[in-house]
Amino acid sequence: MSGARSGRESGTAAGTVHRSGSPGRAVRAPASAPGPLLPRGPLARLLHAGNRAVSTLLTVARQEDGEAAPEPAGPAPRLDAPGIADARRYYTSQPWRYTAAILAQLRTTLGLGAEGGADDALVLAVADWQATNGSGDPALLVDGKAGPRTLPRIFTSGLNVAGEGEAFGGEVQTEVVDQWATLATPAARRDRLVELVNQRLVAAGVPAVTGAVDPVPVNSGSFDFEFWTMLIGDEALGGDEVTQDAAAEVADTVYHEARHTEQWFRMAQFRASQGLSAPGIAAELGIPLAIARQARDAPLVRGSVPALIAQGWWDSVYGGGADHRERVLTEVEAAATARDATEAALEADPSPANQAAHDAATERFQRAHDAYRNLPEENDAWATGPAAAAGITRGSPPPTDSPAGTPPASGGPAHDVMPEENLP
């Protein structure tokens, strides 16, 4: 089941992508940066590969001898003619996916008339949308192709609907962060976090997850689809107080992992729409039979946009993209190991040779991590999680010291004095 791994690493150290013995483990990787410790949050570098949008150019003319300056040129097209032709072939070469109904829905969503199919106008409208709305982190490639990374952002659903992540983050703020001292233990904080994210999942028609302790204490969240559990480490939820940055990382990670939960259930519903039985879905996806039965009872509509989006994730994890995905995950793990080894060598001997080796290893890891985040299911989850972090606006209240001694009983002596000493 090589394609069944989902990779996201959590925690603060080293930036390795942990692979547990369970093939269903989904773990999160923090941001990549030079050095032995990686900062929390998204990568500083965005993915810039292939065709990119041409920047808007304005022609500035001088006025000479009283001549009027010409009108400024309009924005350059997002794609050139070969790029437009390539994008049109992307649609027309997959008519079983990009049916007339799918193209009509895409066109109307982008403000075009329903008729016209995969024409130049559609390609340029998709490219405009990618450039205007897909410049976040991870950035969408501006190529005019509404593929498995772009479609989930155009047609939002469930956890990536605008406002959902921020609302979840706000609930984490008021019900976990602000109540940090009251909840008191990592277990209580984990239970509340999982309860909150389950409310979002159930509202999206996704089975709830079970909270569990992550054996890696610093991990701030990982979805294990084999057991349908959300793992959160005790160290990530420990301490008498939590900073805003640390709380935002937990909210981001848990929401990211919940998006993976949603993806896996949509993939199960997609396979159900193709006629696969519940035992067949459970065996293929490596998920619990009870979850597969729920998917079998609620299949996606064949030929619909949600089914096409789910197929994009399924292709990446279990279908034709599974081997590529396995290579990407293997490389990012190997690159992290190599980077950590060169970091240790550099600390032991800060020679020019060791510095050069560490620089090369760090660049290798950044390339590998970019490729990992560009996997369709990861691109989507990395784009979804930060909305939850935006809902965290402060750290926990400072802990209050317990008063010394025991308060006296009502009407009794104060300050541990004998009754006869407690006189007015």
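The backbone N, Cα and C atoms fix where each Cβ goes, and this holds for glycine too.
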Region 'Disordered' according to TrEMBL, located in which of 164-185, 186-207, 208-229, 340-361: 340-361
Same-chain residues near the compositional bias 'Low complexity' (381-390), Cβ under 8 Å, at least 6 residues beyond its ends: 8, 41-42, 136-138, 153, 159-160, 164-166, 168-169, 172, 248-249, 251-257, 259-260, 263, 373
Three-state composition of the compositional bias 'Low complexity' (381-390), taking helix and strand from DSSP: 9 helix, 0 strand, 1 coil
